[in-house]
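S.K.: From TrEMBL, here are the annotated features:
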BINDING   GLY22, PRO23, SER24, GLY25, THR26, GLY27, LYS28, SER29, SER30  ATP binding site
DOMAIN    18-232  domain 'Cytidylate kinase'
Amino acid sequence: MSDTVETAARTAPAAVVVGIDGPSGTGKSSTSRAVAAKLGLRYLDTGAQYRAITWWMLANGIDVDDAAAVAQAAGKPVIVSGTDPSAPTITVDGEDAAGPIRTQRVTAAVSAVSAVPEVRTRLTELQRAIAAEAPHGIVVEGRDIGTTVLPDADLKVFLTASPEARAARRNGELKGKEAADLAATQAALIKRDAADSGRKTSPLAKAADAVEVDTTDLTLEQVIECVVTLVEDKRSA
Ligand SMILES: Nc1ncnc2c1ncn2[C@@H]1O[C@H](COP(=O)(O)OP(=O)(O)O)[C@@H](O)[C@H]1O
Ligand SMILES: Nc1ccn([C@@H]2O[C@H](COP(=O)(O)OP(=O)(O)O)[C@@H](O)[C@H]2O)c(=O)n1
């Protein structure tokens, strides 16, 4: 090894692992992607994986309300996540699933599928393997990253926002596609939060050592800057 390479290896910052959790519409995906891109880290959307397995169950005629049937099928689909924050991808059995996993049908079914312990065990293993392989570190977002998937993460962030703000953000995305009225969007969000927070296995929860950021009155840029600063503080500590 040359002197220059040895010096570079010695001075490169250690890999940093960041977990970002919170309910729907708090800004997890947008913030995590931007923070990862700014800091040269990989990015993993674990919600997309739960959506992907749910999409496969629906496409294969599995009754998503039959936990035993979901558990039996949980090992079948091959889910692959691309972790480049500028172009994240997700495939199921080699097929691009990025579009189909965002439909209302999948959104309405995902909490039931993600409550099944066999589904969680499988995806948690996959998520840990992806995080362990990230050369410079990774930002992983979801519901149970700080509590279950990566309890030793260098930084844990828990994003919150009022139900009104979250529903307005979600409706902004749906405009022109599957537009819903604000009250219906808010009711659906609250129902999903309750299911995700109330399940037995790794529910949506803030880890005791997570930093909570209320994004209700912050712009997306402000949230990104806040998390970048938290990561840099950790790195220099
Ligand atoms: N602080 C914010 N202020 C306004 N809009 C935001 C903010 N954070 C995120 N958004 C917007 O809200 C929508 C949902 O954000 P997203 O990152 O997908 O949330 P989550 O992953 O928590 O469900 C996106 O359209 C995003 O651009
Ligand atoms: N780590 C995770 C991530 C998502 N999920 C489940 O997957 C669903 C979809 O997650 P998502 O992050 O795509 O949801 P949005 O907030 O983007 O709508 C959640 O409602 C949970 O049921 C989970 O159980 N655990």
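For all residues, glycine too, the Cβ spot is worked out from N, Cα and C.
TrEMBL annotations: computationally assigned, not manually curated.
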S.K.: Could you say whether, by DSSP, LYS28 (ATP binding site) belongs to a helix, a strand or a coil region?
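M.R.: It is helical.
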S.K.: Suppose we screen the binding-site residues GLY22, THR26, SER30 by Cβ distance to ligand 2 with a cut-off under 6 Å; which survive, in sequence order?
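M.R.: Passing the 6 Å Cβ check against ligand 2: none.
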S.K.: In sequence order, what residues of the same chain, 6+ apart, have a Cβ less than 8 Å from the Cβ of SER30 (ATP binding site)?
M.R.: LEU220, ILE224
S.K.: Using a 10 Å cut-off, grab the number of neighbouring Cβ atoms around the Cβ of THR26 (ATP binding site), all chains included.
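M.R.: Neighbour count, Cβ to Cβ under the 10 Å cut-off: 25.
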S.K.: Applying a 10 Å Cβ distance cut-off over all chains shown, what neighbour count does GLY22 (ATP binding site) have?
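M.R.: Result for GLY22 (ATP binding site): 25 neighbouring Cβ atoms inside 10 Å.
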S.K.: Show, in sequence order, which residues other than GLY22, PRO23, SER24, GLY25, THR26, GLY27, LYS28, SER29, SER30 on the same chain lie with their Cβ within 8 Å of the centre of the Cβ atoms of the ATP site.
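M.R.: Sorted by sequence, the hits are THR31, GLU141, LEU159, ALA161, ARG166, THR215.
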